[in-house]
Amino acid sequence: MPTTFQEIPRKRPSTPLLDRAVTPVGLRRLGEAELETLADELRLELLYTVGQTGGHFGAGLGVIELTIALHYVFDTPDDRLVWDVGHQAYPHKILTGRREQMGTLRQKDGIAAFPRRAESEYDTFGVGHSSTSISAALGMAIAARLQGSDRKAIAVIGDGALTAGMAFEALNHAPEVDANMLVILNDNDMSISRNVGGLSNYLAKILSSRTYASMREGSKKVLSRLPGAWEIARRTEEYAKGMLVPGTLFEELGWNYIGPIDGHDLPTLIATLRNMRDLKGPQFLHIVTKKGKGFAPAEVDPIGYHAITKLDPLNAPAAAPKKASGPKYSGVFGEWLCDMAAADPRLVGITPAMKEGSDLVAFSERFPLRYFDVAIAEQHAVTFAAGMACEGAKPVVAIYSTFLQRGYDQLVHDVAVQNLDVLFAIDRAGLVGEDGPTHAGSFDLSYLRCIPGMLVMTPSDENELRKMLSTGHLYNGPAAVRYPRGNGPNAVIEKDLEPIEIGKGIVRRQGSKTAFLVFGVQLAEALKVAEKIDATVVDMRFVKPLDEALVREIAGGHELLVTVEENAIMGGAGAAVSEFLARENILKSVLHLGLPDVYVEHAKPAQMLAECGLDEAGIEASVRERMTLLAL
């Protein structure tokens, strides 16, 4: 296994065992003594595959042994295997008949970055967001019981995902219904416990064995006849285990806890899983793994190698020269946050486990006492911000659009109803590319504009983003600024912290007959099309409050209004324009351009925009078609 870039051979080595393990059926024909070699081959395969396509990397390297052991011991797909989030599922895809398709990973019309039910019968539950696996597996376990089936449901969840409240809701529920399921905690950060080594591995084999389980149940029946005897025995067992393993919390919830064991020790994994396969009721196995296992750079820098673009410099094609572009929108936000924090001591920054992605690293270093990473807990993040706002703080919640959906009730009930000063910096708005529909920010304008008192802004470039962040920070009430992934058009950024006038759009180009009303970063494409057809272009800037006076004026002087947004057309910014026109009894032809009523599948962002008709060519074609229909 290569441990550095320089050790990556130009020619892919042979993988005789992996060639036989095309599916779990072939895997189960291998002898146990061959599985260590298979693990080496699978790691190498993952290195080459992700090096070619890009994608999530470190997590998959860390679960090679676990993936092999699960498909070796359990009768998948009849036994239901649910991967939480899905970042670690590439080895699973390779072993379940998709090895030859891995070269299309995350590409248009290729296989998805996450498990998808439509892609394989081995993908029992579609994922992308975190902390859903235990609830899903619990539902599957209860359904199996109702159907008279003894199939097992297994959830694999990481220690990071276990921080979300939803995971604990399921952990609390499963023992109440005595679900026949197994939860595997993949502890790759050692945030819950340290690996206690061989003694813990040995203890896990004993405690998971059928002999121990039978003795335990037999003792329970005998001692239950003696007043207090079983309770004393239970506590003695708990204290003895507690001296070696950290499972008290899970035991108290009603789970049979085993571990922690070494997640890279295949013989121990297989023996323990075989034992636990035959146990009834809710079972909990705690394994400790190393993210990036087997590739030194990823082991040293697990955050940097969580996801990669191109890894193999020897085999990758030469990169095309990049077009000149401005800074990343997230970088503009991060710089503004530091500047405003220096000017306003009331500002605090909150993120649900997205410090690097949302560009809060500099803020966390400069203002550590005002920085709060609440982990994967979006609901808590929003209400935590609401509580701080009640006491005079000015919280800024930096969150991806797709994850704000998870805290929507808190946004409405805890922030908006109380009209609290919370600013939501909504990153990754619109189409995000290769991660596909689970990560797209397709709906935020629709679900935000219906909230009374909410200020909703859509910058068209980096400078407007900075201005709107200041506007939202100074606004009395809840505010949201949504901006896309990637780089801006290289606009000149004014470094002051002055707000802009709320609810006012700007006419960027004056034309005739046709007018573009643009909400967001498609302004540049609209301006290019407008030059060809002599159209007016308006940078609307505010979805709520809508600049109704400007819309009325533009409607009065043009025959066709074209709204443009990178959000679902249904209920979006364009819908706000049509609602206003209808309310004012203004009859005007309106063309809405935005995201269609489908989930846009993974591809390059440019390909996705073209598919939705939101690139220059698509916008021009749609507008010309409507103009022809209207004889303009």
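Using N, Cα and C of the backbone, Cβ positions are placed for all residues, glycine too.
The thiamine diphosphate binding site annotation in Swiss-Prot covers H87, G128, H129, S130, G160, A161, N188, F295, E378 and rests on sequence analysis. With a cut-off of 8 Å between CB atoms and residues at least 6 apart in sequence, the same chain places P352, I399, F403, L404, R406, G407 near E378 (thiamine diphosphate binding site), listed in sequence order.
Counting only same-chain residues at least 6 apart in sequence, those with a Cβ under 8 Å from the Cβ of N188 (thiamine diphosphate binding site) are A59, G62, G158, D159, G263, V288, T289, K290, K291, P302. Annotation comment: Swiss-Prot describes D159, N188 as Mg(2+) binding site, evidence class sequence analysis.
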Margin query: I want to check the contact list for H87 (thiamine diphosphate binding site): same chain, sequence separation of six or more, C-beta distance under 8 angstroms. What comes out?
Written below: H56, A59, G60, F114, H306, A307
Next item on the list: Might you list, by sequence position, any residue in that chain lying six or more from H129 (thiamine diphosphate binding site) with a Cβ less than 8 Å away from its Cβ?
Entry: V85, T402, F403, R406, T438
Margin query: On the three-state reduction of DSSP, what should I expect for E378 (thiamine diphosphate binding site)?
Written below: helix
